[in-house]
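A short write-up of the structure that comes next.
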Amino acid sequence: MSAFPVLHHHLLFLRPRLHVSLRPLSPRLLRRRLLFSAASAQCFSSSSSFSSTAPRDDIDEVAEPPGFPPPPESGRETQQLIDVNPPRGTRDFPPEDMRLRNWLFQQFREVSRILSFEEVDFPVLESEALFIRKAGEEITQQLYNFEDKGGRRVVLRPEITPSLARLVIKQGKSVSLPLKWFTIGQCWRYERMTRGRRREHYQWNMDMIGVPRVRAEAELVNAIVLLFERLGITSSDVGIRVSSRKVLQAVLQMYAIPECLFAEVCVIVDKLGKITKEEVEKELMSAGVTSEAVKGIVEVLSLASLDKLEAVLGADVEAIADLKKLFSLAEHYGYSQWITFDASVVRGLAYYTGIVFEAFDREGKLRAICGGGRYDQLLSTFGSDDIPACGFGFGDAVIVELLKEKGLLPDLGRQVDDIVFPLDEELEGQASMVASALRRKGHSVDLVEDKRLKWVFKHAERVNASRLILVGNSEWQRGMVRVKVLSTREEYETKIDELS
């Protein structure tokens, strides 16, 4: 190999000093100078040489004498640090938040398993047509919708029920009814943010398809109560308001209001509490509801007793029979103290047709925790035959706020079964062997190297490790490792093949 490149370097480095105009070195140039100095020292102390193919960027840059043009800039612009926050209304999930999310999702899944529901899933990206309806729902104004590169109108789903309906239609007669499905999925809505309300959230949905009787609603309310109880929430913390869309339907029939206005009236009435009563009345009249009917609707919505509702509508109204059945079943299930009748509950989605319900914190600090109801006519809006159905959606954001409020968030520190640590560098391979054997047995193992033993002990405390397994020379030669049980400080040696 030619030594010319090395000679070239030294000639360049040792050329006569001339009068120069020095410029401050950039960090890049300073780094190159340091690299060159180290390389030069290596050349003087050994017979090795630079490769003749070494790039010119590895050669030190020196100031040129007057008359020489400055070296050209690299063309690389200094990049500013990007905004490290996620888009407004969205969240990151670092490990501690991910542990909480996984724990909550596990509670959702366990309750679903207890009630014998099967898990399903759907794409977050759906056809826009699934969610475009004409009832004036607020949700249709909050869509993250766009045209994809194939010219198709798509949307990040704002809720999950239409996706479920699509899958039921797709499955057709290949599945037997009833279906008991649940899912945990992310939903997107471009809405005003408040406590417990973001522009994305995860939602637990449970749905029963093919059950026409009130038994389905009773089962779903039972699931919600079971979850609250698992989380440590009591009926003094949370209540579940119950009503029926058929109540409003009966009122509209009393005043001969056209059936075609029903869904729109429900959407408007759901705004009570969000806007003033006067504004709600104005919107109802703008929709074509007579002033007399508006007065009747407002009076019925103020009723908080099923007996009083029966006195107004009559005992033969279907809504009364359904609600009485639900309250009777609640006694048998053992959750009657959780539910209360409230005629003002109608829910804001147009497709609900019967009993509706929503959970709320009794102190009134938060928005609805969850909500749902019966939607017997949703499938026909997508061109299929109707099938009786009901379900609920339970978001992750509000329940976490409530758990914080009540001091019920669990302590979910990181947990590791074993930490394996080689006491000597040459035992890295043996430590890897021990870690691999334990992992095959299902242990969570953190293999630590290149650290002081003091740091390893502190690390074990941070990750709540159960054991520290030390791989040392003398023990290994005897086919042993040293085990420290960190909770009891017990210490012993064990054979490698007996480590479990």
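Note: Cβ is positioned from N, Cα and C throughout, glycine not excepted.
Residues or ranges marked as region 'Disordered' by TrEMBL: 46-91. Among the features that TrEMBL reports, domain 'Aminoacyl-transfer RNA synthetases class-II family profile' is placed at 88-410. Positions annotated as L-histidine binding site by TrEMBL: GLU159, ILE160, THR161, ARG189, GLN203, ASP207, ARG347, TYR351, TYR352.
Locations of recorded TrEMBL features on the structure.
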residue : record                   : Cβ contacts under 8 Å, 6 or more apart
GLU159  : L-histidine binding site : PHE131, ILE139, CYS187, GLN203, LEU349, GLY393
THR161  : L-histidine binding site : ASN205, ASP207, LEU349, TYR351, TYR375, LEU378, GLY391, GLY393
ARG347  : L-histidine binding site : ARG245, CYS266, ASP270, VAL356, GLU358, GLY371, GLY372, GLY373
TYR352  : L-histidine binding site : ARG245, CYS266, VAL346, GLY373, ARG374, TYR375
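In the predicted model, residues of the domain 'Aminoacyl-transfer RNA synthetases class-II family profile' (88-410) average a pLDDT of 92. For the L-histidine site listed in the record, the two most distant Cα atoms among GLU159, ILE160, THR161, ARG189, GLN203, ASP207, ARG347, TYR351, TYR352 lie 21 Å apart. When Cβ atoms from all protein chains are considered, those within 10 Å of GLN203 (L-histidine binding site) total 20, not counting its own.
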